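Participant: Dropping a structure here in structure tokens format, bear with me for questions.
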Amino acid sequence: MRAATAARRAASAAVLAVLLTAGCGEGSGKPSGEARSTSSAAARHPATRAPGGQATSGTFNSSDIGWIQLMIAMDDQAVLLLGLVPGHSSDAEVEKWAKPVATACRGELARLRKLLARTGVPDTNPHEGHDMPGMVTEDELRTIGRAKGTAFDALFLAAMREHLDQAAKIAHSERSAGADPATRKLAASVERTSRTWRTGLP
Amino acid sequence: MSPTPPRFPPLRRVLGRWRGPGVVLAAAGLILSMLSTGSASARAELRATDKAASSPRSAKAPVRVAEFVAECPFTHRLPDDPIVFPGLPGASHMHSFFGNDSTNAHTDLAALKRGRTSCSPTTDLSSYWTPTLYAGGKEVEPTGTTFYYLGEGVRDDVIATIKPLPPGLRIVAGNAKATGVGDPTSIARWSCLHHGEVNPSKDFVNCPSDSMLESYLDFPQCWNGKDLDSPDHKSHMAYPVGGQCPATHPVAVPKLRQVLRYPVNGDPARLKLASGAGYTMHGDFFNAWPEDEMARRVRDCINVIVKCGADGRP
């Protein structure tokens, strides 16, 4: 399952690579090769001292960077979950709801990765395998992937509800905690669309 | 206070410098202290990891260990991380916090200064946190929570130049993204209290029923001298190479060693961290020691290689 997931991720990354400018990483499927001390990306964008000592990179503060990385991790998983709908769901309403959400989610990911590229922080998923609130975990993906029909629909909708609630909540905080104008603008958009989709959930 | 903390870190140091003619009484005292407080696991650790020091050539040197400590019991749990997700409450996996009882997503140095602490000494207003440990889905909080500040890791002449940790410095140790026990980026170390016969591992170990699960974690001790944090929260700090700090991170600071003891043992299959498997163990530190208290300890305990207690006195 993990291999299949990785393959799907690689495929979606390939699609994204076409959509985005060069330099966009593959995202969450990448194994960790993190160095213990310096990273070349961070060296390109040396930290500057914010008043409180919080790290900044250009116009981005730590809240911006943390939010972008978290949303990429969450959306990556949500896209995988949404991809299960055709072939698993037995509810036309669910399929009708999921299709535009999946498209919008991929668009959101593309915008997030563009912002991440601007931060200079590498596109590795620092949250992979973690039990992040609201995030669709690998275990959940496995379980939901084995379900069919109404059982699938119930699990799918519950997971999407959690994802959207958390996305809206964190985006709301980012609007005030963040520093980079484009990131805060995207956060406002994520909060709005997450609430809209949540309301329209079948 | 929790039970006597493990003495293996200082012991390793002591035995390492046990050379030449010196004070027999001090050595005898050391042996006594080994017998009374040194655990089986501490002695096994010595055998396993410090071969050069396993047989002291002569019991005649003064006891010298660059160390001071803070004992900081568990305070609270929150899905917050003021380093990785500042201003974003609820964004993180679950963390267990030690020391400053006010730590949350909005924590900064000024907030820590206004907070209260569980630490002994009470002058330490720093915040320490780790991913929460679960046994069978239920939270387990450590009952032994010792934070050592050490000179070891660099040469003696470098220890003499160690500078105080600057106020507001954030340090993250360990790799939450580690992929397995063979992953060199994992510096997690799990062992069993008083049961050195159980080999330490980067992943959880199966401890006997009269034992506790221990976690050791060493923080990087070389600072770039400029930044209190970095965009990846790691680049401003580095580990020493060959007993000294690299040119990119020239300022040697005390090494923080976090030692946690969890009241849990037996089959590790039911254990899980909020960040995943045992090898994903990591620790976060937000320094809020008063500058003068930190400076005094570095001067009186670290630079001169003298073992101090929580009061920062020999």
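Here the Cβ of each residue, glycine as well, is placed from N, Cα and C on the backbone.
What you see is a predicted model, and the numbers here were worked out from it, not measured in a lab.
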Participant: If I go by TrEMBL, the feature region 'Disordered' sits on one of A:110-140, A:172-202. Which?
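Facilitator: Region 'Disordered', as annotated by TrEMBL, spans A:172-202.
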Participant: Could you tell me what the rest of the chain brings near the region 'Disordered' (A:172-202), counting residues at least six beyond its ends with Cβ under 8 Å?
Facilitator: 56, 58-61, 63-64, 67-68, 71, 91, 93-94, 97, 101, 104, 108, 111-112, 115, 118, 157, 160-161, 164-165
Participant: Give the mean pLDDT for the domain 'DUF305' (A:64-193) on the 0 to 100 scale.
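Facilitator: 95, rounded to a whole number.
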Participant: How many of the residues that make up the region 'Disordered' (A:172-202) does DSSP mark as helix, as strand and as coil?
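Facilitator: The region 'Disordered' (A:172-202) comes out at 26 helix, 0 strand, 5 coil.
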